[in-house]
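Participant: Pasting a structure here, questions to come.
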2 protein chains.
Amino acid sequence: MQELKERIIAEGIVREGNVLKVDSFLNHQCDVTLYQHMGDAWAQHFADKKIDKILTVAASGIGISCVAALSFGGVPVVFARKAQSINLDGDQYTARVHSYTHGNDNTVIIAKRFLQPGEHVLLIDDFLANGAALDGLIEICRQADAVVEGIGIAVEKGFQSGGKRMRESGYDVCSLAIVKSMDVSTGKIEFA
Amino acid sequence: MQELKERIIAEGIVREGNVLKVDSFLNHQCDVTLYQHMGDAWAQHFADKKIDKILTVAASGIGISCVAALSFGGVPVVFARKAQSINLDGDQYTARVHSYTHGNDNTVIIAKRFLQPGEHVLLIDDFLANGAALDGLIEICRQADAVVEGIGIAVEKGFQSGGKRMRESGYDVCSLAIVKSMDVSTGKIEFA
């Protein structure tokens, strides 16, 4: 998606540890018009799929998913929360997720009543690197007997293993920008 | 807002400790069409105000704010994160927020470059009870010398002190549903 790549080139900041900061438009400050265009792109890619629901993870996936859901006819979005919240029911699906960014483990949680057997689900997230967050969502879908129809990603780090692994597992992954390489010394970002 | 009140009556669950669960449409599963109507209602209420940016808090405020921003011509949304994240810059505004729901204190954080002096800001959140989260956002706006033009709330607990306190402080608070009372034994919910 050209618009997203241009924004990454213009505003993305490369940091040590394979960190690409795009927080001026994607995951701290949110450009909701860009989100609409991202939703349109995913809706076009997954046009032949039946999508009942979008699943994502708090916090960065929520805004993108809620705006993108409008491009899918306003399907519901369910976001997995990290760690236990007393505001959630006891009747929950949970999965452990390792965060390479924060260097810790989290439990992601979805109330069972919001994911039904046989529901057709699109997973959306802002980044795909090692795929740990997606593993958690896929594990929850497996527990719920829901059908993962596809995976919509804003920025895939193509030099990390998650995307390759997901595609080899048979998932239809639509990444709107795939970073082939990035150089912390020059700040240069190249796309696949 | 009649539509929101009807959804609360139909799907809201009253729990001990002044908890009103509306997670089937507002803050776990997200009804994005309802979010659009909420955005339209706030845009109508704040039509005479200049709104440069919407400010909210992770996680429940993000989806509502991003969809609502479309009703304000696609202004940017900035969401405060809870606790330190290594993905954020060192140059941050922070405020301490006590969570009555979770019984702990959090630091909410916004990168300084996403809130400029003189920017006109609308604060949005899913709930207003004691007003602790809003206090944090207002404190950050004070630090940034940004102008709080108004406060958009989905569900205000009118029997708690936050709304009254905000209005007495001079803020234009637009709550789309104000719960006057709720009864944990009967499940009955009454609006102001």
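Backbone N, Cα and C define each Cβ position, glycine as well.
TrEMBL: automatically predicted annotations, no manual curation.
Sharing the record's features from TrEMBL:
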- B:Leu20, B:Asn27, B:Lys157: xanthine binding site (BINDING)
- B:Ala129, B:Asn130, B:Gly131, B:Ala132, B:Ala133: 5-phospho-alpha-D-ribose 1-diphosphate binding site (BINDING)
- B:35-155: domain 'Phosphoribosyltransferase' (DOMAIN)
- B:54-79: transmembrane segment (TRANSMEM)
Participant: What are the other residues, in sequence order, whose C-beta lies within 8 angstroms of the center of the C-beta atoms of B:Ala129, B:Asn130, B:Gly131, B:Ala132, B:Ala133 at the 5-phospho-alpha-D-ribose 1-diphosphate site?
Facilitator: B:Tyr100, B:Phe127, B:Leu128, B:Leu134, B:Asp135, B:Gln160, B:Gly162
Participant: Radius 10 Å, atoms counted are CB only; among the binding-site residues B:Leu20, B:Ala129, B:Ala132, B:Ala133, which position scores highest?
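Facilitator: Most Cβ neighbours within 10 Å: B:Ala133.
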Participant: Roughly how many Å separate the Cα of B:Ala133 (5-phospho-alpha-D-ribose 1-diphosphate binding site) from that of B:Lys157 (xanthine binding site), to the nearest whole number?
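Facilitator: Distance (Cα to Cα, whole Å): 14 Å.
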Participant: So which binding-site residues out of B:Leu20, B:Asn27, B:Lys157 end up within 10 angstroms of B:Asn130 (5-phospho-alpha-D-ribose 1-diphosphate binding site), measuring C-alpha to C-alpha?
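Facilitator: Checking each Cα against B:Asn130 (5-phospho-alpha-D-ribose 1-diphosphate binding site), the hits are B:Lys157.
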Participant: Please work out the mean pLDDT for the residues of the domain 'Phosphoribosyltransferase' (B:35-155).
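Facilitator: A mean pLDDT of 93 is what the predicted model shows over the domain 'Phosphoribosyltransferase' (B:35-155).
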Participant: Tally the residues of the domain 'Phosphoribosyltransferase' (B:35-155) by DSSP class, grouping H, G and I as helix, E and B as strand, and everything else as coil.
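Facilitator: Split into helix, strand and coil, the domain 'Phosphoribosyltransferase' (B:35-155) gives 39 helix, 45 strand, 37 coil.
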Participant: Which residues does B:Gly131 (5-phospho-alpha-D-ribose 1-diphosphate binding site) neighbour through Cβ under 8 Å, counting only same-chain ones at least six apart?
Facilitator: B:Ser161, B:Gly162, B:Gly163, B:Arg165, B:Met166
Participant: Rank the binding-site residues B:Asn27, B:Asn130 by the number of other Cβ atoms within 10 Å of each Cβ, and give the residue at the low end.
Facilitator: B:Asn130
